[in-house]
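Peer 1: Sharing a structure here in structure tokens format.
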Amino acid sequence: MAKPVVAIVGRPNVGKSTIFNRIVGERISIVEDIPGVTRDRIYSSAEWLAYDFNIIDTGGIEIGDEPFLEQIRLQAEIAIEEADVIIFLVNGREGVTAADEEVAKILYRSQKPVVLGVNKIDNPEMRSEIYDFYALGFGEPIPISGSHGLGIGDLLDEAAKHFPKSGAKDYDEDIIKFSLIGRPNVGKSSLTNAILGEDRVIVSSIAGTTRDAIDSNFKYNGQDYVIIDTAGMRKKGKVYETTEKYSVLRALRAIERSDVVLIVIDGEEGIIEQDKHIAGYAHEAGRAVIIVVNKWDAVEKDEKTMKEFEQNIREHFQFLSYAPIVFLSAKTKKRIHTLMPMIDVASENHSRRVQTTILNEVIMDSIAMNPAPTDKGKRLKVYYTTQVAVKPPVFVVFVNDPELMHFSYQRFLENRIRDAFGFEGTPIKIFARERS
Ligand code: GDP
Ligand code: GDP
């Protein structure tokens, strides 16, 4: 099921990012440790009591050089479009401002539930400051303090009341869900059309799901697929759609709903930083990944060009060493037919379970061949390995002391597992646990 989405809106300096960070807490991100892939966080998963949800700080989405008021309005529109519940944040120390009223007007016109948080109420004596905010028309204002961490639970309790009731299932498990991700103009829409236009593809319906407007369902060789729309793909035209943060946000939402992510790169323009950003998210989310180099028709080539481009990709996307690369053209349709079989392979590997006995043989053989180095006189001992999850495959290695499992040795074991079982197209994860 798709997780509920909460968006925070409000004018600058009311404390949106402070509250966002409070709610998100200390989440470690692998991708942020990869050089060149650091980013300001505006989107994250979060938990509150029994609820899992996603949260967006719309304040982090800067829209070109639009004037101040226009920025806030567009951010409110993004919140309305993206979220199930909106947290409207105001500053309890400044009373209602004209900009607050402006935001209120926009939110009021939408049908989305709004929870009003009055921030910077740092102590109980200040609670009387909240009454002014009834005038905004969103019911009872909730006093909070981002910097002191007060009232955040009350705020989330109120937001959770509006979460969609469960049962809004996204798609059946046996449908392969994939998305085309990439910056604007790399050819995502053209590729979607090229795939749907293939001979053996039977488009069954263009279904609207809960929130994300246009997914495409189709059948190919008897298997059902859905192309998860990276919206904006087909309903282009909103002012904010060309901003990087917004397109990343859309990409994230699509990645989350996908089994397989096709990272589309413009072969004509080459790789830029933003491509890496988006790829990093797909990897971090544990999705199967295929790298698609589009517009290959427009590239002047000799016999070395493809090899060089491939090397370039491998250098830039070291964390995606498992992802196959395909060079094609949405325009001329050249090699389009190689995509579906590749999606099948990636999807199969993503949900693959290996036999425990064979897995243990592989691990024990690897260790016999290349024992872990000693660390302060102690040596890693491996007792048993088991696969605990799929999508992506996760392995737990039971050892004498997890501290002794260094990154490089873990990498070695990952490579051995890959040599033995393949797993092309999917990340795999390995954790060391102490045998109890
Ligand atoms: P944003 O622009 O809405 O994202 O606001 P920020 O989160 O960047 O916060 C703006 C300023 O308000 C920062 O200096 C924060 O430290 C401060 N701030 C945030 N929350 C509180 C709060 O609960 N109480 C007080 N006194 N200051 C706060
Ligand atoms: P999107 O923004 O990623 O959905 O990109 P579009 O599908 O709208 O394509 C952007 C531009 O690239 C359009 O002008 C397309 O005609 C062009 N384009 C897309 N695929 C190809 C291709 O394979 N070769 C060439 N030469 N142009 C392409």
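Cβ atoms here come from the backbone N, Cα and C positions, even for glycine.
TrEMBL lists these features:
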type	residues	note
DOMAIN	4-167	domain 'EngA-type G'
BINDING	10-17, 57-61, 119-122	GTP 1 binding site
DOMAIN	176-351	domain 'EngA-type G'
BINDING	182-189, 229-233, 294-297	GTP 2 binding site
Peer 1: Fill in the CA-CA distance, T58 (GTP 1 binding site) to W296 (GTP 2 binding site), as an integer in Å.
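Peer 2: W296 (GTP 2 binding site) has its Cα 36 Å from the Cα of T58 (GTP 1 binding site).
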Peer 1: Are there residues of the same chain, six or more positions away from N185 (GTP 2 binding site), whose CB falls under 8 angstroms from its CB, and which are they?
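Peer 2: Expected: D266.
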Peer 1: Reported as an integer number of Å, what is the Cα distance between K188 (GTP 2 binding site) and K16 (GTP 1 binding site)?
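Peer 2: Counting only the Cα atoms, the answer is 33 Å.
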Peer 1: Of I61, I121, which of the binding-site residues has the most Cβ neighbours inside 10 Å?
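Peer 2: Most Cβ neighbours within 10 Å: I121.
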Peer 1: Going by Cα-Cα distance, which of the binding-site residues (G10, N13, K16, I61, I121) sits nearest to W296 (GTP 2 binding site)?
Peer 2: I61
Peer 1: Would you count the other CB atoms within 10 A of the CB of K16 (GTP 1 binding site), including those on all shown protein chains?
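Peer 2: Here the count is 25.
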Peer 1: Select one residue from G10, G182: among these binding-site residues, choose the one with the most other Cβ atoms within 10 Å of its Cβ.
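Peer 2: Most Cβ neighbours within 10 Å: G10.
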Peer 1: Return the members of N13, I121, N185, K188 (the binding-site residues) with CB less than 6 angstroms from at least one atom of ligand 1, or none.
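Peer 2: Once distances to ligand 1 are taken from each Cβ, N13 fall under 6 Å.
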Peer 1: Neighbour count first, Cβ atoms within 10 Å, every protein chain included; then name which of N13, K188, W296 tops the list of binding-site residues.
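Peer 2: Compared across N13, K188, W296, the most Cβ atoms within 10 Å surround K188.
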